[in-house]
Amino acid sequence: MVCGGFACSKNALCALNVVYMLVGLLLIGVAAWAKGLDLVSSIHIIGGVMAVGVFLLLIAVAGLVGAVNHHQVLLFFYMIILGLVFIFQFGISCSCLAINLSKQTDVINASWSVMSNKTRDELERSFDCCGLFNLTTLDQQDYAFCTAICKSRSPTCQMCGEKFLKHSDEALKILGGVGLFFSFTEILGVWLAMRFRNQKDPRANPSAFL
């Protein structure tokens, strides 16, 4: 059996969907672990990560069932959905890589202004910092009421905005790079599904092939 044959396409598509299933389960597990340990208090962040994991898991299961059974309808919808996911993920990944420090600063300022005091306190304790950028009266008030450990060790603490910028820049580069890599695996999945869908199963009844 040559590599371009029916069995090879089927096995490659199954393997790719198993990888997607593992990634989906990993996202769900990480979200549940973070929620269980109260590492992230925002239900929107936890819910978003878990929703992505569940969505990816469902797509992978549909692709796996379609590949095992050579199901024409499932493979067709799998191709369409995976193609749409590629377009969305490719755009988001490029946006992550294109955001500069000035834009990140604006986003951090906007996010900080709508956070509750409890969330700010949690972030200050987690990152061991106080205040944001010390640019406004509100930031100075945050610094004055800060409960981070660094304030008990020293009269001055590093501003949270500086740490947020460092972490956000690293995170955006990692997310953009990983997202860009996986987006091309989705194109591979669409191509494999299209190719496998149009191949004839040598074990099937020839008259039953559509």
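Quick reminder: no glycine exception, Cβ is built from N, Cα and C everywhere.
Quick look at what TrEMBL lists:
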| type | residues | note |
| --- | --- | --- |
| DISULFID | CYS129-CYS160 | disulfide bond |
| DISULFID | CYS130-CYS150 | disulfide bond |
| TRANSMEM | 12-33 | transmembrane segment |
| TRANSMEM | 45-68 | transmembrane segment |
| TRANSMEM | 75-101 | transmembrane segment |
| TRANSMEM | 174-194 | transmembrane segment |
Positions on the same chain near the transmembrane segment (12-33), where near means CB under 8 A and six or more residues out: 39, 46, 49-50, 52-57, 59-61, 63-64, 67-68, 182, 185, 188-189, 192-193, 196
Integer Cα-Cα distance in angstrom, CYS160 (disulfide bond) to CYS150 (disulfide bond): 12
Around the Cβ of CYS150 (disulfide bond), the count of other Cβ atoms that are within 10 Å: 17
Euclidean distance between Cα atoms of CYS129 (disulfide bond) and CYS150 (disulfide bond), Å: 7
Cβ neighbours of CYS160 (disulfide bond) where a neighbour is any other Cβ within 10 Å: 27
Neighbourhood of CYS129 (disulfide bond), C-beta criterion under 8 angstroms, separation at least six: ALA148, CYS150, CYS157, GLN158, MET159, CYS160, GLU162, LYS163
